[in-house]
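Encoded as structure tokens, the structure appears first; notes follow it.
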């Protein structure tokens with residue numbers, strides 16, 4: 001059945017997870033969409049089919065536990081918002097324990113069929129070689145990590161040479177509450193006070209010589225992940241994996257990212273550390289700290305085991321583990337406004353992995369938000385942002401401004417791709433965590449589990465309220 005709409009179409013460039021979700025959200029709001037996808041005309045080094053929302057790597061959407069896992073929470077919020085990606089994933093799930101894994105072909109076929117069958121969506125198989133022309137007054141770029149070189153060059157020309165990255169160099173991120181401050185201490189090197197700093201901007205983890213040598217041995221022996229053939233990613237100055245630096249000489253690390261100079265152990269000031277691992281605040285909330293200079297190609301299991309050898313990180317919980325990949329993403333915190341619009345080009349939004357989110361559902365969720373925002377703008381409705389207390393809102397807030405931008409490490413950019421995790425959510429109100437009756441000791445893992453359950457419960461309630469409010473605003477417009 002044909003549906004006639006009086007609205008001009010919104011253009012979406014890229015038919016991956018984010019672009020497909022954005023197109024679906026726009027069409028679901030009654031606005032026509034033209035979805036441009038180059039596969040079918042021009043392939044990529046990683047994709048195998050012409051299907052929309054093809055899963056290039058894993059077939060897992062990770063945990064589906066919405067009671068105490070941040071990924072499960074964003075799954076639930078996307079379902080509430082009518083996500084096509086989640087509906088297709090649910091229909092084509094395969095057994096995977098507590099995770100949501102899918103039959104990749106069935107999933108992609110379902111998304112492709114739904115997009116093609118929607119009367120308000122037109123799919124055009126063509127390569128877009130530049131930024132959208134002026135007559136595309138509203139558009140979304142969702143071209144992902146394998147953005148075509150010509151379009152990437154156009155984005156770079158519009159936003160500036162340093163605004164677009166072609167590789168990510170991800171260092172692990174640790175939850176602040178899991179760091180042992182009886183061993184670690186706050187201090188900037190030489191007590192330097194930088195812009196917005198206090199002279200105590202880093203958390204420092206000391207090592208003696210024996211600990212350092214054991215750590216270097218573990219790094220050299222650790223299992224690593226090789227580059228995929230299509231990545232062709234070279235190592236470059238300023239972003240060597242930590243294990244590669246260790247292989248270049250036993251003293252390399254303690255004269256590089258683990259140098260102890262300018263630091264005094266607050267717990268034992270008369271003893272000079274042989275080496276020091278520094279962690280820097282990563283988000284404005286102060287809940288996440290990244291391991292400075294620790295980008296790595298170690299396998300995830302090896303990372304957790306080896307990095308917990310660091311004094312003070314024995315019980316570390318990781319919000320994100322490290323990696324080094326081919327990727328194309330913009331410096332979103334400086335380029336995008338809170339509605340994902342490019343500040344220099346009103347009407348042009350970015351969505352998905354190109355914004356600096358990491359993961360299938362994260363990419364789709366940013367597409368979901370970009371699509372809803374663009375549809376509201378087309379219809380003349382007020383753009384309603386998801387609350388920061390929701391998974392959608394916390395991820396959006398981090399991408400568009402929650403990350404703390406630093407420039408003290410030449411050759412590196414501080415903004416790196418981020419997955420959804422509880423460290424992005426605002427803290428609970430004081431007094432929210434109450435010890436259960438009859439429990440004598442309530443701390444550590446038990447307290448963390450309750451905290452996450454409360455954050456998840458708050459997120460889902462606030463998301464439901466936001467979606468209800470958004471529907472009301474649309475009805476009034």
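Each Cβ is built from the backbone N, Cα and C atoms, and glycine gets one as well.
According to Swiss-Prot, the FAD binding site annotation covers 14, 15, 16, 17, 18, 19, on the basis of sequence analysis.
Most other Cβ atoms within 10 A: among the binding-site residues 17, 18, that distinction falls to 18. Remark: residue 19 (FAD binding site) has 12, 13, 35, 37, 52, 140, 142, 143, 351, 352, 367 as non-local neighbours, by Cβ distance under 8 Å and separation of at least 6 in sequence. The FAD site is set by 14, 15, 16, 17, 18, 19; from the centre of their CB atoms, other residues of the chain with a CB within 8 Å are 12, 20, 21, 22, 37, 52, 53, 142, 143, 144, 351, 352, 363, 367.
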